Amino acid sequence: MTQVAKKILVTCALPYANGSIHLGHMLEHIQADVWVRYQRMRGHQVNFICADDAHGTPIMLKAQQLGITPEQMIGEMSQEHQTDFAGFNISYDNYHSTHSEENRELSELIYTRLKENGFIKNRTISQLYDPEKGMFLPDRFVKGTCPKCKSPDQYGDNCEVCGATYSPTELIEPKSVVSGATPVMRDSEHFFFDLPSFSEMLQAWTRSGALQEQVANKMQEWFESGLQQWDISRDAPYFGFEIPNAPGKFFYVWLDAPIGYMGSFKNLCNKRGDLTSFDDYWKKDSDAELYHFIGKDIVYFHSLFWPAMLEGSGFRKPTNLFVHGYVTVNGAKMSKSRGTFIKASTWLNHFDADSLRYYYTAKLSSRIDDIDLNLEDFVQRVNADIVNKVVNLASRNAGFINKRFDGVLAAELADPALYKTFTDAAAVIGEAWESREFGKAIREIMALADMANRYVDEQAPWVVAKQEGRDADLQAICSMGINLFRVLMTYLKPVLPTLSERVEAFLNTELSWDAIAQPLLGHKVNAFKALYNRIDMKQVDALVEASKEEVKAAAAPVTGPLADDPIQETITFDDFAKVDLRVALIENAEFVEGSDKLLRLTLDLGGEKRNVFSGIRSAYPDPQALIGRHTVMVANLAPRKMRFGISEGMVMAAGPGGKDIFLLSPDDGAKPGQQVK
């Protein structure tokens, strides 16, 4: 061994248990798996674990929609997720669930320690409540305009545009995602984690070099704006763990989700009958290394809350966070309508796992850059690199060795200096794998592949094979080519596990990092079989079409506008009779200064004037065109005080929003003030 063996615990972010794994998820799991496989090749003791994130309101509501229990739903989803990851050869040592006894015990332990140490605060807060569904709304079930950057359609806990976090009550014009209703405020006692108490520790950790520069810079912005206490409780109804000694209060999903890393590892230790490793890895002075691979959208939780929770409860902090960017397809956000929102299982019906593993790896670096899966470039790169450069190197030499020399390689290297060039590259390539500069590693390997193919081209074994008395030269040349191929595949083994197994079967030896210093001399290889097939754009077309069909099938029970806006609960005739709908004449329509959504309408009800603010500006950029039109309004709606004045009713419109809003009009002959029945 050239280095001291390390104890390493590696995690990926926990997939949420209410949906299928897609190619966006796979970037992270492939990145982590490549790194883990490299560490194992170098002799390190690696535990690679993950779990499903199985709690929260979304899971509770989806299970209700499906007519099953949350436990049944997350159980089925866990099996699907594990099947997908296995299909991509993600080499987890354990895959668990946050809905487990290990996670419950650890969540309660950490909470209790934080409380005993004075880091849990209780206070009554005003919280958004859905009056139609009779439930408090979790952060992710409220949408509105970000209070910081003013981006629309943002969730209630953090902005996906500027990265800011905030309270749902700070959202501008909030709406319930569950019912579409405007939430009302209600008081509730909540429990808060005192994050500001850890500001000094977190800043020191940030400056320690444990984080990527981009992450550290972002954290500095958060420190400068001031850390806030973190709400860690949610009110019933909620699917999760009830807080000890607090009936009707549950741990917020983001409290027990990262603890799921610990829960999954403890479950693994229990399976092994190993009662000491959990403490060895998680105790405060542990010499083990702990790495979290995560996406840039959850940096805030992992870089602030998680290390602070661990510090406050007497556990060790992560050695590092490895953060990656998002996945785009063909230069754009993944789209269901375009067929580029591709599930992992769909991919495996059309391509092998190694192809995507290679393409992602070739594009990854240690930076937090987005990765574009350009499907045409994908086909070209896989064919050019894996097929033409690497596999072809074996095929053009193996035939001669099998047919002319019974599979036995030469006893000496034809070009020891060239072989040394290949083995000397192990230092640079190994450092690239270690530092997650995956793209650099691939470039170095492909440069060697080009060198190997030039050697074969120059030696021309197909010519030598036809010349009398040159059998020894032919064996030496082809053996050299196969030995160079072996070194290349050893370097690529973390990326291409399926191809590597086939290569090991052909070479009749394991691809080992430490073994490349010794070439295969006088060694017998097995009969050569096709190692990898070319791919083409027809497969891409079929993949995209299949993804489109899956979307259609999922939407089949309900089509059209009903798919996005289902019919609400049945009401009685008496309920409907309370709503007074009237025909109104639009006398005037104008922009509202200070608002990019509202128009101010002056309506004539046949003897009574009404002032109404309506959010239809995006569909009617010329308000003057509305003057003189008849429409329908809710005439007995209580006046609503707004920033721009008092709105005395509501006009009726259809459509999903944006430019697709259509003001309703009565048939010809209807007069202002007439009731709509």
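Here, residue 1 is simply the first one shown, and the rest follow in order.
Heads up, the Cβ atoms here are built off N, Cα and C, so glycines get one too.
Copied over from Swiss-Prot:
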BINDING   C146, C149, C159, C162  Zn(2+) binding site
BINDING   K336  ATP binding site
DOMAIN    575-677  domain 'tRNA-binding'
MOTIF     15-25  motif ''HIGH' region'
MOTIF     333-337  motif ''KMSKS' region'
What does DSSP give as the helix, strand and coil breakdown of the motif ''HIGH' region' (15-25)? 3 helix, 2 strand, 6 coil
Fewest other Cβ within 10 angstroms of its own Cβ, chosen from the binding-site residues C146, C149: C149
When the Cα-Cα distance from the residue listed as 'ATP binding site' is computed for each of the binding-site residues C146, C159, C162, which gives the smallest value? C159
Cβ contacts within 10 Å for K336 (ATP binding site), all chains included, total 15
Taking only same-chain residues 6+ apart in sequence, whose CB is under 8 Å from that of C162 (Zn(2+) binding site), what do you get? C146, K148, C149, S151
All-chain count of other Cβ atoms within 10 Å of C159 (Zn(2+) binding site): 19
Residue counts for the domain 'tRNA-binding' (575-677) under DSSP, helix then strand then coil, are 7 helix, 47 strand, 49 coil
What counts of helix, strand and coil residues does DSSP assign across the motif ''KMSKS' region' (333-337)? 0 helix, 1 strand, 4 coil
Near Zn(2+): residues not in C146, C149, C159, C162 with Cβ within 8 Å of the site Cβ centroid are P147, K148, K150, S151, Q154, E160, V161, G163, A164
